[in-house]
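These features come from TrEMBL:
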type	residues	note
COMPBIAS	728-738	compositional bias 'Pro residues'
DOMAIN	148-216	domain 'K Homology'
DOMAIN	220-288	domain 'K Homology'
DOMAIN	293-361	domain 'K Homology'
DOMAIN	362-428	domain 'K Homology'
DOMAIN	433-501	domain 'K Homology'
DOMAIN	505-574	domain 'K Homology'
DOMAIN	579-647	domain 'K Homology'
DOMAIN	651-720	domain 'K Homology'
DOMAIN	792-860	domain 'K Homology'
DOMAIN	872-941	domain 'K Homology'
DOMAIN	945-1014	domain 'K Homology'
REGION	1-60	region 'Disordered'
REGION	708-739	region 'Disordered'
REGION	1020-1079	region 'Disordered'
Amino acid sequence: MSSVAVLTQERFNEHRSGLLTEQSGGGGASGEEEALPTYKDAFPPLPEKAASPEGTQETANAWTSKLRPLKSSVITQVFHVPLEERKYKDMNQFGEGDQAKVCVDIMHKTGAHLELSMAKDQGLSIMVSGKLDAVMKARKEIVSRLQTQASSTVAIPKEHHRYVIGKSGEKLQELELRTATKIQIPRPDDLSNQIKISGTKEGLEKAKHEILLISAEQDKRAVERVSIDKVYHPFITGASNKLVLEMMAETGARINVPPPSVNKTEIVITGEKEQVALAVAMIKKVHEEKKKNTTTIAVEVKKSQHKYVIGPKGNTLQEILEKTGVSVEIPPSDSALETVILRGEPDRLGQALTEVYAKANSYSVSTVSAPSWLHRFIIGKKGQNLAKITQQMPKVHIEFTEGEDRITLEGPTKDLQMVQLEIEAMVLDLGNRMDYTEISVDPKFHRHLIGKGGANINRIKELHKVTVRIPPDNEKSTLIRIEGDPQGVQDARKELLELASRMENERTKDLIIEQRFHRAIIGQKGEKIKEVRDKFPEVIINFPDPAQKSNIVQLRGPHTEVEKCFKFMQKVVAEMVENGYTLLVPIFKQFHKNIIGKGGANIKKIREETNTKIDLPAENSNSEMIVITGKRPACEAARTRILAIQKELANITELEVSIPSKLHNSLIGSKGRFVRSIMEECGGVHIHFPTEGSGVDKVTIRGPAEEVEKAKQQLGHDSPAVLGSSSPAPPPPAPAPPAEAVIQENGEVPDGEVKVEPPVVDPAAPKKCDVIVISGRKERCEAAVEALKALVPVTTEVEVPFDLHRYIIGQKGSGIRKMMDEFEVNIQVPSPELQCDIISITGLANHLDRAREGLLERVKELQLEQEDRALRSFKLTITVDPKYHPKIIGRKGAVITTIRTEHDVNIQFPEKNDENLDQISIMGYEPNAIAARDAIKALVDELEELISEEITLDSRVHARIIGGRGKGIRKIMEEFKVDLKFPQSGSPDPNLVTVTGRPELVDEAIDHLLNLEEEYVRPASLPASSGDEPRGPSKGFVVREAPWTTGTEKAPDMSSSEDFPSFGAPVAAKASPWGPKRF
């Protein structure tokens, strides 16, 4: 008889409802004992804790603590590096050491953001965020720098190494560049003949192939090249090169089969002649056998699934070849073909086909609909939300694309489904908790809403717990987006609109001030502009950046204050302009010291009396110009006084000569070279021409009398020649008019003026630039003339209906550019305002006919497309009760998408604020539209047969029926094919549940729900109702085979507060001879 233990504790009342009550009468003591549960049944032991992989806790900590802040990015990718492929495996240095340095370097180099964590399998989870091209570059860098790269060695005779290196190492460098590998050749003093190659598997194969070819070329032994079709190479090499290795071992020859990535058919065999001959015979035998016995089948596999058929480093293809003996040929990655060819013996093809489909379908791609504004919340702060998913399902790749309302998932089908359910639940939850709104604010106010250093916008974000996205300046968008808690969104919206309204009442005015005055207005260290700002504190004055070369100064503030500041600034600028008149006075260099005077007395006196600023060039400068700055009358007075000093010191004469203003540029010459040469030739006289465009003919010559006369003669003689040179056939230069007029010292010309008239040019004469001169033999010149005439473009016109012009031009001109490039002509389409049907084609005569035919052919295509569009534009409407619209659309649009795809039509549902909410529009070909309408009608007829019944279901069990993330309710709805609607919070009757579906299914679903209610409610209600029943003295909780009855262990003391503590009561520690315990 088994032993029985008795436990008594009144606190376990809630467990009694689940125990069998005592049976009155019948049965002896042994029967009652057999009915008692065993100790292990009543208290099942906890499962043994599985030995978690070392570093799991560290992984979680590393993931949560080492993540860098995740910013909004164009694209986010998460992928996994298995433990066996990790380059840095030191678990104690996660987040630091060489691995962290490499990651930082990759981020600097590519501009992408990297976030690392360790998964449960000690693999490395890497989240890469950034622009698409940056992510791709970063991923490439990660694969090469964080994953261990394959390495291999190839042995060739030592004397062949120099042929691999080539002259000055050029051959080796070229080989490394072509195969993307690192090749290490032993030094000459090293006796080893092993060449080490590191890189990707594909690169290793290419490099090894090339090195062996080089060695074979140099090998003194026999070399045989056998050309075998590329498709039979896998049968010769065998799975994982097993067959070719066996051949090499058997024959002793070296067999080099080009890898799949190298498009060569030659197989090179090297070795002793007998060995080579035997190997060639074996290879040809395999080739002939496979050529005779194998056949092929072609199957279509989606391009996106090819990589799963290939497998990592081509392992899956090798596995299929080893298992079935069938070779699988995959089209290149850059090809659009989806056809996969299986080649092998007929009885093996079926098994291989099954393997191919199994591998292709082992991974799948799915999308989850999620508004793009929710993406950042799904990712979570520092990627926490995604981290939980990727750690559990590291093989699932999750991709977010900015601006698209979807999330792309890729990975093993089973794992992908679980991840999809989790993300869908997150989207549903966030959609219920989060809200967003958009407000329109003029872009010119955006930076003011942001505030200095983001002060304004950061305060609003923190105050209302929202996210505010203000578009960058280059987008020129007026929409500001606010996301977050619904109440916070509304409060932030209200505050931002108030700020924008306040700014709209401000006035902005531009003041044009020459940039040369900006520094003077600002003053040293901004002292002067500070005075202006203190005078008008409500006005913001913004000067442009000096590098912009802008003259616009912006004033912003209240209307009246801006006007006052504007007038004040204008007055300041006017004073600066008035005092900023500049006059250049040429003074001979040797007289500058006389103008300065002893101790600067003369120049100081002139400055003080005329109130001007006078600047002389430095002594070591070649310039003779003295700059006078101030008010115009004062500047002219100062000039007169300076010239008077010069006149007193030297025999200076000033002469005015009349030369037509249109000749001035010719006399000045390019960059003033001609006039400078005259001035230098005539002893440094000064010749002053009036300002260009003034129309003044007077030219002033100043200097010593005899030099002035000489300069006048030079100008008189040279000006006609200058003009004459511009004529294609100039007449002989006319003699200069005699300068016999008596010129007094003061420059007056009493009897006349020296005038220079330009020669008359025939307007009908051809321009020199339009004449092409051909010299040579007569017949060849005539042939050249004809050839040149053939190169002269001609123009023809084609009539094309005006409404087709925009289709011919194409999007952003792509259509017309393509035609012009194809036919080598220029096509001119009239502007839309002209409404003209004529299109001009200009080009060489032999190109025009082709271009004309091509244009007319394009017109025919467009007319056919117009007819097709007219047929596709057939439209009809169907009246459907709005309550059926969600069912017609289906979950995630599945039902309506099927109808659209099946019938090739466009179906539009009314908007929420539309007047005709019951009208559904169908557009497409007439037969297709009618068929789609019938399909919708059939669906509506089915929906009308459905009934809805309301049942009362205890609200306490609603949550349990719905289940975690809606799993329970979805299961019920799928099992019974019904729709369940639970009351929302705050509903008048919280127990009312609506069941919709076919009558028989509704009844079954209601029965199931009521059973669930009874099952969930009964355990809680039994203890209360059992109080009315008469109960005998409690025997406590009785079990069999307790540990303290079968061994030496002591039974627990029910009265001990330490073994059975009360909630909230302190536990008295047991006394210990070693003193109190330390925790």
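Note: Cβ is positioned from N, Cα and C throughout, glycine not excepted.
Whatever TrEMBL says is automated annotation, not expert-curated.
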Would you kindly check 293-361, 792-860, 872-941, 945-1014 and say which stretch has the most C-beta pairs under 8 angstroms to the domain 'K Homology' (148-216)?
293-361
Mean per-residue pLDDT computed across the domain 'K Homology' (148-216):
83
The domain 'K Homology' (945-1014) vs the domain 'K Homology' (651-720): 3 or more CB pairs under 8 Å:
no
Which residue counts does DSSP yield for the domain 'K Homology' (872-941) in the helix, strand and coil classes, in that order?
38 helix, 15 strand, 17 coil
Helix, strand and coil counts within the domain 'K Homology' (362-428) (DSSP):
36 helix, 19 strand, 12 coil
